[in-house]
Ligand code: SF4
């Protein structure tokens with residue numbers, strides 16, 4: 001499915017046609033133009049031939065957790081991955097990709113090992129959510145809709161800034177998917193320029209920082225971005241964002257056995273978390289070959305140290321490790337060129 005092609009075909013039609021089509025795609029969630037009966041037959045046939053609504057995709061379901069991974073084939077043959085996470089409280093979150101691969105090179109991340117191929121277009125970002133919206137509709141259950149979106153899939157969203165924001169406006173459109181800005185989060189590995197730009201955005205989208213290490217030496221060894229934007233610059237930018245927005249910021253912290261989960265790391269993290277609007281989200285490392293996961297005991301010990309120091313802490317539920325859909329595991333294994 002190519003949204004740009006659809007817009008091009010409808011460019012010479014009266015304005016109300018685009019409204020009808022938009023409603024059919026994003027509210028009725030049609031997957032074939034034959035179902036868009038408000039359009040004249042000739043136009044339906046043209047759209048079917050030149051801009052079909054099918055999304056080329058393979059789906060993998062997790063046996064162990066309530067997650068589904070979609071491997072989407074793009075028009076140029078590249079593949080990207082998106083994940084649907086069904087939470088126990090009823091929320092349905094889609095984790096979307098913003099790039100094919102990623103150039104940031106974090107050592108613990110499968111996507112980082114692929115390198116960056118290219119940025120995704122607005123349409124390619126949007127179809128990831130649309131695919132799962134259609135999927136949930138096909139299950140035929142009541143209130144079975146996407147509630148949250150996180151930019152935590154393949155790629156660094158701030159390196160594809162404009163297209164990510166255009167896609168967010170489409171997700172947020174009240175005449176379409178109507179997903180509230182406060183239910184959308186962008187996660188960055190810590191690009192200060194992007195955070196500064198984000199701080200000026202009027203929409204109340206959430207900011208998350210992939211921190212993963214509490215000192216410069218360790219962070220630079222795991223995340224090359226830290227050499228460009230070390231921790232003092234990063235924390236300054238985040239505090240500036242909070243001063244402007246008054247909004248909470250989530251710091252993702254991955255617990256890697258013997259690397260980031262020692263007592264000294266907890267103490268350093270406590271020192272960094274010196275703002276009441278900071279929240280730490282602890283993530284158990286999902287093996288991608290380079291490191292080992294922390295033990296359950298080490299995670300509890302680490303979490304308790306933070307809690308005792310008065311830090312707000314959440315712990316991410318692990319989803320989809322058996323289908324390589326968990327955090328840091330997304331990487332297409334059979335990219336076609
Ligand atoms: S963790 Fe994020 S920023 Fe780092 S390499 Fe992976 S996808 Fe890129």
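Yeah, the Cβs are placed from backbone N, Cα and C, and that goes for glycine too.
Automatic prediction, not curation, is the source of TrEMBL annotations.
Among the candidates 138, 185, 187, 245, the one that TrEMBL lists alongside 155, 156, 210, 211, 212, 286 as binding S-adenosyl-L-methionine is 187.
The binding-site residues close to residue 102 ([4Fe-4S] cluster binding site), defined as a CA atom within 10 A of its CA, are 156 out of 156, 187, 212, 286. Neighbour density for residue 106 ([4Fe-4S] cluster binding site): within 10 A of its CB lie 22 other CB atoms from the protein chains shown. Cβ neighbours of residue 211 (S-adenosyl-L-methionine binding site) (same chain, under 8 Å, six or more residues apart in sequence): 190, 219, 251, 252, 253, 269, 272. Contact annotation for recorded positions (81, 211, 212, 286) versus ligand 1: none, no CB falling under 6 Å from a ligand atom. Cβ neighbour count within 10 Å across all protein chains ranks 210 highest among the binding-site residues 187, 210, 286.
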